[in-house]
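The structure that follows is given in the form of structure tokens.
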Amino acid sequence: MAITNFQRMIKDRIPILKWMPQYKLKDALGDLVAGLTVGLTLIPQAIAYAGLAGLDPQYGLYSAFAGSFVYIFFGTCREVNIGPTALLSLLTWTYASGIPEYAALLCFLSGCITILLGILRLGFLIEFISIPVVSGFTSAASVIIACSQIKSLLGLNIHGESFVEIWAVASYIFETHGGAPYILTGHIDAGLPIVEPPPFSRTVGNQTETFIDMAKKFKFGILVIPFISIIGNVAIAKAFSHGMPLDATQEMLTLGLCNLVGSFFQSMPVTGSFSRSAVNNASGVRTPLGGIYTGILVILSLSLLTPYFYYIPKATLSSVIISAVIFMVEIERDLIPAFVTFLACLFVGVELGILIGTLLDLAILVYLNARPTINIEHRNISTIDYFLVRPSAGILFPAVDHLRMYLTKNPGMNVVLDCEHIDRIDFTAAQSISMMIKDFRKNNCQLIMLRANCAILTSIQSLSDKQILMARDEVDLIAILGGPKGMTHDLAIVSKTNERASTWLMATEADRWKKKTCLDRLRKLASRRVPILAWLPKYNSEKFFSDVIAGVTVGLTVMPQGLAYATLAGLKPQYGLYSAFMGAIVYVIFGSCKDITIGPTALMALMTHDYVEGRNADFAILLAFLSGCLQLLMACLRLGVLVDFISIPVTVGFTSATSVIIVASQLKGLLGLKISSQGFVDTSIKVFENIGDTSPWDAGMSISCIAILLLFRKMKDVKLHAIGKKSTNYQQIIAKAIWLLSTARNAIVVVICSVIAYKYDSSESGSPFILTGPVRSGLPPFGLPPFSTQVNNQTFTFTQMCSELGASIVLVPIIAVLGNVAIAKAFMNEGKVDASQELLTLGICNILGSCASSMPVTGSFSRSAVNHASGVKTPMGGLYTGILIILALSLLTPYFYYIPKASLSAVIICAVIYMIEYEVVKLMWKSSKKDLVPMFVTFLFCLVIGVEYGILSGVGINLMFLLYPSARPTVHVDKCTTDCGAEYLLVTPGNSLYFPAVDFIKQSVGNAGIKQGSSQIPVVVDCRYILGADFTAAKGMKTLINEFSSRKQGLYFYNPRSDVVTVLKGACGDEFQYVSTQEELSYLLSTIQDKSSHQLLEQTHDKLHSSLMLNNSEMIHRNARGSCHELSEVTSTLLHATAS
């Protein structure tokens, strides 16, 4: 058995072993004719495409034969011809700049990456590039290629290769050119290319370029070219596979080998050519062996004909290219991704164009996962009202807040979550539902899970301390809600379109809306965007005193933290205080959560440090300004939804890793080491290398500070009264004093350490501690943020500063928003968090803060917890915090000189060690093990590579988990029978029909029809879970319908949505057959069985004796018009008679 499997695998990977033993003379004749015909097409194209790539003509011919030979052994489609193409020539010019060594190395690297993708079986990745994107890309590339040939077509000697530059020919058209009447191809080196490895270095003059230097110049080309070549080759193979299954992995391996081998013959990157493959097919090719004759013809032309190529006019070659690519211009539906890709390719570049188009397609697909259709029904069991909430797809992390909004839309009501269409859930969603169940219980209501599968129940129950309520059906639901046996529906209206709420809810909202005047709506909008207008009129003395106490308490916490975080960010200490007051004051006006305090945080300081180190504070201030602008823009565009795509596992991995990095970065101050380092790994190595230089004074102070801070932190949890008994007034006073000491522990420790440092400071020997040093007194200078700066006598413009800040311009504001919204959710209790308002507020805080020399700021969880515990009543507490910081800047800065850095390091470490969320690992293991993958990847990448790349890696893996089911949905196949005995196969896809899943669903349905249906039993596709379809899917379904039609097997679609019908009917025409009800399906299948039975009787008629047919003809026609069951019995009797 093992040997048989091995042989099958070898034949699958070397297909020539399958067809060569059956090779015949007529096959050889067909291949010879086709191979020579393709060769005559290939030779002029190869010369032309070399010019398009900026190479000498012979390099086109070098690229034309190796691929043909390799494809004979490993290719799976006999029509495909491998060689140079217009599109890859254009890309080669973009990245190789007309240098042959670069082109050969690019060919080699493309082959290596393509083979690697094939080995890893990552062929499914190309399914995420839809037909509209490919159409927009190829159309734009065709226009660019055609425009690039206008120069040669008109005989113009001008420079320019991009679409915009090409149109400079307009100014040359009427010029008179002297010299020869034609621009000729010129000299071509005769003979075969030298067989040698591709160049891994290159010497130009006295300068040698290494392999790394050459590879860096390719940039995205190393990935773009292999992906484009794979897309083109697989698309051609599909077009000529005649409905047979295509092994995309084998095609990838073959294409990789073609490029790998070709690079040893100085080839540029190659792929399948549609025009030459069409010629191959029309010429009657029988096997891939036709490629050997094509290759031989190219080799002969290199050996014998190159002198005659000198006289080929370039105008002729331009005509060849234009006529080859003009038919690549396609007009498709799904216009948005196609049109965007087309324009981006023309004006930005082909490599960025296809990337933009693909990202747009994926964004649409991801958004559908983040905002699934949610239907709401208002129901009534006797006197008990409840809402039935029915999501249309799985509950995953981007959809959590969207679902929460509908579940908590009507407080005080029981809610039933119908999980019939939910097949999967992740840790973020499970934890969110578990928390909502607890919130419902606090309000004396119930959140009940209806028809949830075991996996969903297990995930949620593992995170809940009490048994969750679940119902298998309506009978269980009645028992839980305590209603009578009969259930009546009151206003149970199901949304039949993409509406997000029931008609009942919409009508209620409409009535409320009518009662409101325009002024009322304006007031509501103003109070929502400027929340101080809502709570300030109700402000009183009780709230004032509570806010003053909370504000001052937070101020005593933020002062030492601000000094420490400025040092962590690589700035002078005063910048931490500059960052601490503006955000606190601004949040009073625009903030929506009373507990949040805005200011410097360890995380923002760490991310700022990576981009400020080695520069000056102007970069940090500009980063705050740009972060605020981006946050403000996201708020205006209502892009708070982007925060939903950062799941809990990624957040846990990110915050835990940053905590470890921050602790490692403070080891220097903790041990009194004077070293410079960058990153976790570098810091750890240098700390261990210099451990012998530890200062006992600093180490002793830091260890003492950490012990005292941790002890004081635990003091507030001490209970002075016995459990179950009320505390006395004396105990309450002591408890309040202990709580105050615990809350102000950072300030107390820093003050004590400063006194000690001052006491031991000597004018002769200095201080035994490393001190903070001088801090600039007074308020910061107010003005616009710096848009240019000087560093070491070098002037940086605004553009250069932005370039230096790099990805931080996007990552810092997003991380800040993520932290701020998370804190708001933690302290809002039953209220709803307006993510757009928090974005708006945070943006204003950073923009105005940058005018006061602030670094990027966000909400601080530790200070927000102090604020909450201090009994803050309104956001006004931030005003008193800000006033305290301003007073400190004005009066206390001279005393900050003596603060030991060891004490600040201790403050930072004690603040971040509790951010390491190791206990979540156990919960994820119990609830959703696969969520551990993005968490650990984020954690490790943040430590080793950097925090920005770490979080991007985690989000990328999460999105892969989110998108993979869209490419590989579950497909259930069941053999069913109608009431009248008609058999059919019911195929139920578990997801919508979007472009990544097309090939998989098409193959699943096709295999079911052949294997389980014996190519005879009708196949019915159940569309209950198909909530949408796109043009790529529609084209795939058209191919599938044609396959079933060719073997005369029925394919029908059951109960599709109206929008799905519109898309599929538009692409498939009248061949698309669907039914809406079970009765229609039964009638259709019965009619088909009647027709099949009539055909069977006609075939039997020729085999039976005439007398037997005469005696039974009347009975046959009578039964054929009767029930299908009786007709089946007659057919069976006649078949037995025939067999006899």
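Any Cβ shown, glycine's included, is placed from N, Cα and C.
No curator has checked TrEMBL annotations; they are predicted automatically.
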For the annotation transmembrane segment in TrEMBL, which listed range does it cover: 388-407, 468-487, 648-667?
648-667
When you scan the chain for residues with a C-beta under 8 Å from the transmembrane segment (733-758), skipping those not six or more beyond its ends, what do you find?
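Sequence-remote neighbours of the transmembrane segment (733-758) are 553, 556-557, 559-561, 563, 701, 705, 708-709, 712-713, 715-716, 718, 720, 727, 767, 769, 771, 866, 869-870, 895-896, 898-900, 902-904, 906-907, 911.
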Counting a contact as 3 or more Cβ pairs under 8 Å, with residues at least 6 apart in sequence, do the transmembrane segment (937-964) and the transmembrane segment (341-368) touch?
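Stretch pair touches.
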Where, among 59-81, 341-368, 648-667, do we find the most CB pairs under 8 A to the transmembrane segment (805-827)?
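When the Cβ pairs under 8 Å are tallied, 648-667 comes out ahead.
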Grab the pLDDT values for the domain 'STAS' (387-461) and give me their mean, rounded.
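Value for the domain 'STAS' (387-461), mean pLDDT as a whole number: 80.
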Looking only at the domain 'STAS' (387-461), what are its DSSP counts of helix, strand and coil residues?
35 helix, 16 strand, 24 coil
Report, as numbers and ranges, every residue of the chain located at least six residues beyond the transmembrane segment (28-47) whose Cβ falls under 8 Å of a Cβ in that stretch; write 'none' if there are none.
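Sequence-distant neighbours of the transmembrane segment (28-47): 57, 60-61, 63-64, 81, 83-84, 185, 188, 273, 275-276, 279-280, 283-287, 289-294, 296-298, 301, 309, 312, 316-317, 320-321, 324.
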With an 8 Å cut-off on Cβ pairs and a sequence gap of 6 or more, do the transmembrane segment (877-897) and the transmembrane segment (341-368) reach 3 or more such pairs?
no
